[in-house]
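Chemist: The structure that follows is given in the form of structure tokens.
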């Protein structure tokens with residue numbers, strides 16, 4: 001069905017007169033600077049369609065143009081024509097290939113701003129993803145006169161009730177909060193024709209499935225249901241058979257892991273991980289990085305260690321207050337800080353295009369988590385680097401994840417080539433417009449919200465020079481197994497010791513400009 005529609009659109013090209021008419025509406029609109037970074041085939045291998053070929057509203061086209069969207073990606077080419085017909089869709093595509101716009105554009109097109117009823121509900125698993133998705137809706141629909149509301153847990157219910165007293169056309173939120181509003185009769189979903197689930201594999205986990213099914217009960221029976229994710233476990237098939245009407249299935253996953261992301265591992269003892277991380281910071285040319293830990297306690301501890309080493313760092317995890325998490329996410333996305341330490345809170349759908357390095361300080365336990373983590377780099381087909389710090393206990397997970405994903409994670413080489421993850425003009429990376437910028441070097445208290453040290457950085461996000469600005473550093477490749485004769489390494493003590501006192505009682509002094517020689521041998 002999609003191929004017939006898209007092929008017909010591709011063959012129906014506009015006349016020169018029509019093309020000149022279309023160009024007129026662009027007058028007075030300001031498109032952002034073009035992103036000149038190279039892209040991989042999963043976003044460039046299109047059928048040659050333009051957004052104009054979908055025959056969507058002129059006002060929506062204006063928002064798409066001002067957002068900097070040039071041509072639809074493959075997932076957008078496949079999804080938008082079918083979604084505009086109102087058919088149910090089950091779409092599987094890689095992280096960072098344009099899934100959000102694939103469902104936001106047809107959703108905006110089908111909403112009638114003259115009807116003061118909620119006409120679309122977009123469910124996401126996390127608060128950060130809800131904020132990001134709602135912003136995409138507002139950006140693309142800025143000329144449509146559509147009201148978009150984001151509603152998540154962790155904020156006051158009273159504020160949501162007040163906002164719903166005015167017309168809201170699209171609600172973006174997490175399942176629990178939306179069910180609360182619908183159950184109280186505050187959110188009227190009786191005329192909500194579009195039901196979208198992003199990161200559907202997470203939303204259909206045992207934690208969320210009962211809530212999602214209850215929410216569907218508030219919708220009309222002829223609603224359109226669209227599910228999007230990078231992975232579809234068996235629970236998705238069960239939901240499809242029960243709640244979807246002959247959905248059109250789209251699968252663009254010729255391989256699970258993202259093209260354009262180079263994956264390495266370094267075998268290090270637990271107590272040496274911080275030193276290894278310090279080496280990576282000194283040797284890699286990092287624009288922005290996300291560092292993952294497996295627990296909230298380790299997130300805070302590692303963030304503190306990183307600031308002690310003299311690097312700028314934020315942290316975020318699920319136990320933080322929501323307004324603090326929002327502030328960290330907003331500032332990091334706007335380039336205020338180079339490094340973010342977090343738990344798996346930010347593995348789902350978060351799109352920060354400036355991130356070119358992901359480091360698994362703690363190796364994930366399963367392939368699904370690994371896939372979503374490394375997908376935070378290399379967004380929308382750009383290049384990225386994923387480095388995994390592996391200890392003795394992680395080796396079995398490493399082998400299993402390689403087998404399940406059909407990929408090979410290579411030992412870290414002595415030299416990591418810049419062309420694998422570095423681009424020439426970081427100042428041209430698309431960033432959201434920040435309403436306020438902090439002054440260079442500004443410190444914020446370490447109150448459990450953020451840990452910052454902007455020393456040597458441009459707070460506007462143009463990270464040229466300063467810490468982490470070196471490139472092509474020397475790394476000692478690590479073996480998966482310990483060297484012969486050493487046996488199993490001893491269990492490390494926590495995260496390693498930074499600035500430990502010497503045996504004679506004197507504090508070890510560190511030269512901030514010292515270049516470590518490489519990760520220690522396991």
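Each Cβ is built from the backbone N, Cα and C atoms, and glycine gets one as well.
Swiss-Prot feature annotations, pasted as is:
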- 49-77: motif 'Q motif' (MOTIF)
- 80-250: domain 'Helicase ATP-binding' (DOMAIN)
- 93, 94, 95, 96, 97, 98, 99, 100: ATP binding site (BINDING)
- 198-201: motif 'DEAD box' (MOTIF)
- 260-420: domain 'Helicase C-terminal' (DOMAIN)
- 427-522: region 'Disordered' (REGION)
- 430-446: compositional bias 'Low complexity' (COMPBIAS)
- 453-462: compositional bias 'Low complexity' (COMPBIAS)
- 463-475: compositional bias 'Gly residues' (COMPBIAS)
- 487-516: compositional bias 'Low complexity' (COMPBIAS)
Chemist: Tally the residues of the motif 'Q motif' (49-77) by DSSP class, grouping H, G and I as helix, E and B as strand, and everything else as coil.
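Modeler: Taking each residue of the motif 'Q motif' (49-77) in turn, the totals are 17 helix, 0 strand, 12 coil.
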Chemist: If we skip the immediate neighbours and take only residues 6+ beyond the ends of the motif 'DEAD box' (198-201), which ones have a Cβ under 8 Å from one of its Cβ atoms?
Modeler: 99-100, 103, 122-125, 129, 133, 227-233, 235-236, 239, 348-349, 368
Chemist: Could you say which of the binding-site residues 96, 98 has its Cβ with the most other Cβ atoms inside 10 Å?
Modeler: 96
Chemist: Counting across all protein chains shown, how many other Cβ atoms sit within 10 Å of the Cβ of residue 93 (ATP binding site)?
Modeler: 24
Chemist: Including all protein chains displayed, how many Cβ atoms other than that of residue 100 (ATP binding site) lie within 10 Å of its Cβ?
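Modeler: Step by step: centre on the Cβ of residue 100 (ATP binding site), count other Cβ atoms within 10 Å, giving 25.
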